[in-house]
Amino acid sequence: MNPTQNFDNSQALILIVDDLPQNLQVLGSILRKNKYQIAVATNGQQALDVLNNISPDLILLDVMMPGIDGHEVCRRLKEQERTREISIIFLTAKSETADIVKGFELGAVDYVTKPFNATELLARVKTHIELKKNRDVILNLNEKLEEKNKILEKLAVTDSLTRIFNHSHIIDRLSNEICAAQRHSDSLSITMFDIDHFKSINDTYGHQVGDDVLILVTNTIKDALREIDIIGRYGGEEFLVVMRKTDRKGCFIASERIRKQIEALTWEQEKLHVTISGGIGTIEGTEETAATMIKRADECLYLAKENGRNRIECGEID
């Protein structure tokens, strides 16, 4: 299907630039009869001024004008991002190859020689108007495709329920942060959080309540973090938080604050009480990897559960 097959000429705006009133009259008459909208300028400077306020689909530009000639107008328009893509057809009394080539080198798409032949003029105008409209359609489709691709890219790294990073992406981010911390000799810590007795919550109150718990716990943790921190859903009821430029003690303080905020949450279900346990891992040495940091955090998390849950374990703080 041709995207311009239903195109109405009255939708197209053409700027005519010529210093001779009779040329403006002839061109305007031809184009108006074919339902094109017309704007005019009588010299190069006026054309540049007019183009500050309108964005035509096509410019018919006389080459020989006093002051700023057509070639210079074209050069300036092609230098500006806002006007760079406007198609320009030169109007010229010259038919020498050198002049025609110069026009194309400056960025013109076509030329029409004087005196004007109405049939030829309309054919060239129609061609370039339709090309412009086709470009607009393609550009619009590309923009929509880019938007959809961005959505798909986000979905590929996002957990569908909690809207935070999913397992694979939070691991990738942790690996990147370890490299950055090692490169700049920065501290880096992680906390592995786990919702206590989550299976029991699902069994007692149902999976919808379980989902509500996951979402509210996620949002509570997110709200307590700094902008530079990163959170992801590591597993079913487990969350991995990466804290940049944070040592073991700082991570423990931040994690303990989060634990208390979760413990203080209130729920519609009168007997529901949600707590979390946490285990901390801190970067150690140049051979550190995401796997080794997570292993240490997981060991501390296991210790927190063994010691009664609803607590943070981090090993010895210097």
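Glycine too: its Cβ is placed from the backbone N, Cα and C atoms.
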Feature coiled coil in TrEMBL, mapped to one of the ranges 128-158, 159-189, 252-282: 128-158
D62 (4-aspartylphosphate), number of other Cβ atoms within 10 Å: 26
DSSP-derived helix, strand and coil totals, residue by residue, for the domain 'Response regulatory' (13-129): 52 helix, 25 strand, 40 coil
